[in-house]
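A.B. asks: If you scroll down you'll find the structure; I have some questions about it.
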């Protein structure tokens with residue numbers, strides 16, 4: 001979404017159908033909701049938690065970044081600094097991270113009870129709120145890397161709260177939602193159960209939160225907000241897919257590849273890194289690149305398949321038998337060239353079987369339409385995935 005949340009989290013449904021229409025049994029909150037009202041509610045809940053966090057940090061006297069205290073002095077859960085990279089005892093690091101994660105789960109539970117469960121997109125609403133928390137807490141490290149990258153890459157200390165909140169949102173999804181898809185479990189296990197502990201062990205400093213900002217922060221938060229809008233009928237599904245494609249191709253994937261490049265540079269600018277930590281960092285580089293490119297590929301493919309199916313339905317509605325006005329003509333042959341660079345093409349293969357399956361799907365069932373955004377669908381994190389249309393409580 002080195003991270004480790006994205007999923008995305010993976011969650012963009014693969015089908016193309018109209019937004020869910022309001023039903024008679026909608027809750028009162030959903031019935032009176034609107035884009036402005038729901039945006040203010042989500043931002044209000046996110047801001048309330050952040051203000052509480054900063055107030056508690058102030059009472060603890062921990063508003064300064066990192067204080068080089070002796071290892072035998074207990075650290076604080078609520079602090080702008082953190083326990084990562086501070087040469088703290090292992091048990092203290094585990095406890096502080098776990099305690100912060102549990103506070104995050106409790107905060108999500110409050111947001112769920114007060115707001116999210118009264119909407120048509122419970123999981124999307126919760127993820128938007130969590131992404132706001134993570135994004136804002138990552139901003140200082142993002143600025144540090146942008147303004148003084150070489151110095152930032154030599155540091156190992158970093159605020160532990162963004163990583164703890166990454167744990168919170170994924171643990172909450174696994175514990176309080178049912179019918180998760182295979183892509184959800186792949187993300188939760190590979191990027192959170194395995195990836196996040198490796199990230200902590202790697203002691204990459206501010207680069208950790210740089211990664212979180214793009215993998216579990218703004219790109220995923222924007223897409224979840226759009227998915228929330230689709231579920232409420234405020235945005236067309238194909239429009240969301242188009243914007244999500246642009247976000248993944250031009251923002252999220254390049255940033256995660258850049259994260260791996262910065263991690264490679266960090267290996268050479270930091271001194272005294274033991275071999276096994278360097279090995280962990282190499283694995284983190286691979287995970288960051290895989291996460292960005294894998295889910296970008298899914299988003300791009302998902303959009304173009306849905307755009308093709310939508311055009312088939314439009315042509316069928318108009319009584320056209322051919323390829324319409326030429327928009328989808330490139331899909332009617334087994335092979336075509338995609339002009340990525342002017343004058344240079346990359347050969348792409350689309351089999352006849354694939355075309356027949358797409359055509360059959362678009363004309364089958366309920367006029368080729370199904371609900372890609374079921375109420376409380378079991379979908380998750382920064383960027384694309386699948387859902388089987390089952391309701392999630």
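Numbering starts at 1 and runs along the chain as displayed.
Placed from the backbone N, Cα and C atoms, the Cβ positions cover glycine too.
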A.B. asks: In TrEMBL, which of 93-116, 213-236 is tagged transmembrane segment?
C.D. replies: 93-116
A.B. asks: Can you say which of 242-267, 320-345, 346-371 is given as transmembrane segment in TrEMBL?
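C.D. replies: So the range that TrEMBL calls transmembrane segment is 242-267.
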A.B. asks: For the transmembrane segment (123-146), what are the same-chain contacts with Cβ under 8 Å, counting residues 6+ beyond its ends?
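C.D. replies: Distal contacts: 1, 5, 9, 38, 42-43, 45-46, 49-50, 65, 80, 104, 108, 111-112, 115-116, 152-153, 158-159, 161-162, 165-166, 168-169, 172-173, 177, 206-210, 212-213, 216-218, 220-221, 224-225, 227-228, 231, 262, 376-381, 392.
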A.B. asks: Do the transmembrane segment (242-267) and the transmembrane segment (182-200) share at least 3 Cβ pairs under 8 Å, sequence separation 6 or more?
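C.D. replies: No, these stretches are not in contact.
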A.B. asks: If we skip the immediate neighbours and take only residues 6+ beyond the ends of the transmembrane segment (93-116), which ones have a Cβ under 8 Å from one of its Cβ atoms?
C.D. replies: 29, 41-42, 45, 49, 75, 77, 82-84, 122-123, 125-126, 129-130, 133, 160-161, 163-165, 167-169, 171-172, 176, 200
